[in-house]
Every structure is written in C-alpha cells, then in structure tokens.
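Per Swiss-Prot, the features are:
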BINDING   20-27, 88-92, 142-145  GTP binding site
DOMAIN    11-280  domain 'tr-type G'
Amino acid sequence: MTLSPYLQEVAKRRTFAIISHPDAGKTTITEKVLLFGQAIQTAGTVKGRGSNQHAKSDWMEMEKQRGISITTSVMQFPYHDCLVNLLDTPGHEDFSEDTYRTLTAVDCCLMVIDAAKGVEDRTRKLMEVTRLRDTPILTFMNKLDRDIRDPMELLDEVENELKIGCAPITWPIGCGKLFKGVYHLYKDETYLYQSGKGHTIQEVRIVKGLNNPDLDAAVGEDLAQQLRDELELVKGASNEFDKELFLAGEITPVFFGTALGNFGVDHMLDGLVEWAPAPMPRQTDTRTVEASEDKFTGFVFKIQANMDPKHRDRVAFMRVVSGKYEKGMKLRQVRTAKDVVISDALTFMAGDRSHVEEAYPGDILGLHNHGTIQIGDTFTQGEMMKFTGIPNFAPELFRRIRLKDPLKQKQLLKGLVQLSEEGAVQVFRPISNNDLIVGAVGVLQFDVVVSRLKSEYNVEAVYESVNVATARWVECADAKKFEEFKRKNESQLALDGGDNLAYIATSMVNLRLAQERYPDVQFHQTREH
C-alpha cells in the first residue's frame, strides 16, 4: 500500500530537542548537526575569542555576550530521506520554564552528557520532564577528545540515576590524546578518528570486523585488545537495543563521540532518523488528535519578543499536530473563538527567517503576534478543543522592580507584561499597592529582564529584594467563601500577567497557615496555559 503524498510528508518528519547540563556541549552538537544537515557551511565554535562568528543558534544581545543559548530557536534541515526539526532549548540552569514547554512540542530528545563528568543536576531535572510523556531518548556521550570516566561506569550512572536502560550502539576506543575512534556494535565496523577536522565533514576511515588485523594496525595492539575485552563485558552486562522499549522511553541507545571534533554526531543522527517516531498523537481536553488527520490543529508552546532587532515584533511558536498548513488559510483561535487568516507564517533556519507556503505535522510555525496570542493557545479549523499539558510553574525567586525614572511606569508595565506573556518571567501586581513583583525560576532571568527592558523598551530599572517566598494560584468553587478569603487576605493577593489571582506568601509557614485556614480554597503550584 502506498501512502498518500500527505502521509508521506508526515512520515518524513522528526522533531526533537537536545537536553543537557550547561557546558556539556549542546550548542556545539547543534552546530554539527546543522553541518551534517547542510544547513550551515562552516560551524562557528561557540566562544570564538574575538571572532565575530557566533554560534548560529545563539542570538539575543545577552546571549552574544555570555556565550549561552538563552532562547529556544527552531532549525529545520534535511537528513537522508527525512526532514528534521531541531528545537534548541536553553542550556543554562535558569531557563527551565521555557525549556520545559519546549519539551512538550517534541517527539524525541537527544540527551548530551559530558563523558568526563557524567550525569549532572540539570540533566536529571530535564529527564523528569520527559518522563511525564515517556518521550523517547537518545544519548550522546560527548567530549571523548578529553580524558573521560570509564564508559561502563557512565552507563551504570545513567541507568541508576535516570532510571532508563542503556543500549550502547557505538563504543569508544581510548580517549583524550589516545582517542582512536568508535566501534559500531550492530554493524561490526570501526570508525577511525582524525583530530583537527571539527569544522568540516570528514571522510572517515572504516575498518570492517572486530578481529580484522587492520584494526590492530590502525589503533595499536593494546587498544585493540582492550576494545575486544570491553566488548565482551558490554555484551554481557548491557541491554540490547529494542525499538519498542526505546519508543516507550524505557531504554536509550547510547553513542560516543566528540562534537568539537565533529566525530560520532552522524552515527547519532542515523539512529535518530531510523528509530525516532514520526509525529505523535496529542491529547486535548476532549479527544486524542492523530497526526494523520486531515484537518489542521496546532498549539503555541513559546512566545519570543523581538526575534528581529529590525522589526519590533513578537513571534509565537506553534507546533503543528495534524493537517497541512497552507498560506492564507483560516484558523480558529480556540481561546478567543475568533477566526484568523494566517498568510505570513515563518519557518526557521536559526536566525534566518523565511515565509512558509506549507507545513506538516511535526513542523514548527512562527506566527506574528501583536499581543493577541498566548502560550498554550490552540488553533484548529473550527473544532473547539484545547491541547493539554503545557505548564506554568510557580516561581521560586522574587524581586521588586523599581524604575529609575518614575515617569516611565506605563512603558515598564507594557514591557513586563510582554515579557511575561513570552514566559521569560512572571509578573505579579499586588492588589493593595503599586509595586511590581517579578517571579522567576532562576536568578539569571532577573538580569535578562533588566537588560531587555533597557534595550527593547528603553526603560532603566533595577531590581531589589522583596519579602516574598512563594506564590500559588488560587481558586474556589464557593463564591461566598472566596469573597471572604479575598477580603481578609487583600494585602497578600496579586494579579499575574494574565490577570489570574495569586496568593503571595511571605514564607512557607505563612502559606501553610493560609491553606489550613481556608480549606475550600485551592492553592495551585502550576497553572495550565
């Protein structure tokens, strides 16, 4: 049976994100993946000292200064017979909310681990999020051009700490200065490493067969024997790759390599297009939507302001779940129940924006947004339903924002509300005074807000500490009891950027007392968009 042209397009799509701890090499891997996808001609190393060639996926002013990818961008490139959408997630610890939401828009993740360090804190956190949806995970053990920990130990650590079985696909031969290449367990081939070829795709020399004398000649007898001994152990102690278990999120295929040396990345990409799922079904509040359906549906998982310094615009990122987008089609924005014609959607090659004529499930569209689109918005061809599972987290850190020039209050409020709609921070406006309290999941976000208020809204502001420990969104089925609660706690209530009522607690004890005193009021730690 031949698939219809539409289903062929759906089957070609692979949409994934990279998760890692800061500095495990995520941005470098992104570069090399794009190099293999022929999306960029030469890979820019991330912190080129004094060079102007910034990594292709880092592009806001502050990222340029700090050499980190703060905003999630989207890159599409062809690889073999597939079209791959790579969603870049911020690697720095603070940008978790944006990252969490990005993970709701992918069908698969690549976990990058620094093989000298093993499993780190941020990786654990991100893996917890992928667990919520049993997202399939591929693993890349990076930095083999440095001295690494024992590979068996690394696999054990992943299995014990992240509760996922490891199935090694390739195995390293030496490391650091002695790194010679990797052996492919399923093809019975050894790929030999040459250093210093990181910016180009190199012709790799292949030795077929583990017992081939050419292998001893190429890597030296000692390393060749060590490889054979290790593989005996590996075959006895580790999982075999099983595609069904991989798709269920129970085992992860593991690849070894060095992104900086541009070696091993293509083995991982081969695995990705061969095993990772085509676009998956998604849950709405009324039913499950399959990618094969012909009616268009999609949801917004991120909003980013000023992607283009030349245009003061904001772009909403929408994941296509089903149906085909065509230029000029009429879509219903479910939250407002309004129909909109979308004729200028964007597709992305990081930093370069081009208008798109059509898009399929798994693809990410950029919609121009003048403040009417919110995170979590569902678009359909008329059906009234909402995709679920796009979270907002209660912030853990709070600061008061104060203006240097009190006359700019209006611009400040506008800037903060726009930044909060984008999910960069959350804004709380206390009901009883004129303060503006900003909540974030990590400290770096406050610096980002102050620097963006200055560069994008021309507002000079500073932040100072405020007596707030945590916030909870509140609601109550009993209107009378809710009114009483609101009257008695007015000094601790605030509205967030979307005008939802929140309780601002000065300490965890204060929050507990309020919860005990008002058992009918619900205090929520997350809010669905």
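Backbone N, Cα and C define each Cβ position, glycine as well.
It should be emphasised that the depicted structure is a prediction, and the values quoted were computed from it without experimental measurement.
For the domain 'tr-type G' (11-280), the mean pLDDT of the prediction comes to 83.
D23 (GTP binding site) falls within neither a helix nor a strand when secondary structure is assigned with DSSP, and so counts as coil.
In this structure, the binding-site residues under consideration are D23, K26, L144, and the one with the smallest number of other Cβ atoms within 10 Å of its Cβ is D23. Note on S20 (GTP binding site): other Cβ atoms within 10 Å of its Cβ, all shown chains, come to 24. Note on T89 (GTP binding site): other Cβ atoms within 10 Å of its Cβ, all shown chains, come to 26. Reduced to three states, the DSSP call for L144 (GTP binding site) is coil.
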